[in-house]
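Asks: Here it is: the structure, laid out below.
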Amino acid sequence: MPQDNFSRVTEFILLGLSDTRELQLLFFTLFLLAYTMVLLGNLLIIVTVRTDPKLSSPMYFFLRHLSFIDICYTSVTAPRVLVALLSGHKAIAFEGCMTQLFFLHFVGSSEMFLLTVMAFDRYTAICRPLHYTAIMARQACWALIAACWVGGFIHSIVQTLLALQLPFCGPNTIHSYFCDVLPVVRLACADTALTEWLMASNSGLISLGCFLVLVASYALILAKVRARLSQGHWKPLSTCASHVMVVTLLFVPCIFTYLRPAGTLPPNKYVCVIYTTFSPMMNPLIYTLRSSEVKESMWRLWKR
């Protein structure tokens, strides 16, 4: 049938997490609490790193940008979810759905690239300490940050264009609480096998590739510092441990979600909560609780 005969979908219905009113109110409370913690925790890290000259190393420079990305990432989905849970209004315009999809992947992939850059920073600091200052100069740090955003934009624009070229003419019910490529592509009135493969190759391989690079870098760091453990050099391992926890919270659910075609398994909306809300909420706790410098700076900021 020619595509011109399709009646184009103008809005989608996000089913959310539950149809039960009591559970919706419970989820609203939990999401509101989590979103508040994301905003306050990451803003506190940004202000602390920004105002304390002692936190001027590249590691804290990248940490500040990670906190900013976490705020943006959660803000793509959380406000819309809170409004839907409280009001019961589940409809989202087609243009709004595509916009949410674009920014979700733009910010999310930028965070993956940034975590990879942070692992490279730790590898350079621990394995090549004599060249660290030259390699991680401030200009290089800004160039790496720009590369993360550019890479995220390229990834996201590809995903969005793949979704936009599909015809949507029939069902408009999305079995999730936000617009993402896998639930959206399942609604297309066309054979989406090639599109699904391209999307899985794009999102899934980026997630898996960054994760493997991170694992390899931490393995090299562990091999390098193993000889120093007897001398009491535990701080590098403590720093890397916090990075590993952040990486696990973000990458494992993303690999599970995106490294498969859309039709193989139904999308798990509860797994999505981990990387869209829980991971950004835990990042401030992980980094502050395992970093004595950040805790001391926060205490000095509080006393001022």
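Even glycines carry a Cβ here, placed using N, Cα and C.
Relevant sequence annotations retrieved from TrEMBL are reproduced here:
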- 41-287: domain 'G-protein coupled receptors family 1 profile' (DOMAIN)
- 25-49: transmembrane segment (TRANSMEM)
- 61-82: transmembrane segment (TRANSMEM)
- 102-120: transmembrane segment (TRANSMEM)
- 140-158: transmembrane segment (TRANSMEM)
- 204-225: transmembrane segment (TRANSMEM)
- 237-258: transmembrane segment (TRANSMEM)
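What's the neighbourhood like for each of these?
Replies: Beyond its flanks by at least six residues, the transmembrane segment (140-158) meets 58, 61-62, 65, 102-111, 113-114, 117, 202-203, 206 of its own chain at Cβ-Cβ distances under 8 Å.
Within the chain, the transmembrane segment (237-258) has long-range Cβ neighbours (under 8 A, six or more residues past its boundaries) at 59, 108, 111-112, 115, 118-119, 122, 181-182, 199-200, 203-204, 207-208, 210-211, 214, 218, 221-222, 225, 229, 267-268, 271-272, 274-275, 278-279, 282-283, 286-287, 290-291.
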Asks: Over the domain 'G-protein coupled receptors family 1 profile' (41-287), what does the predicted model average in pLDDT?
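Replies: So the average pLDDT across the domain 'G-protein coupled receptors family 1 profile' (41-287) works out to 84.
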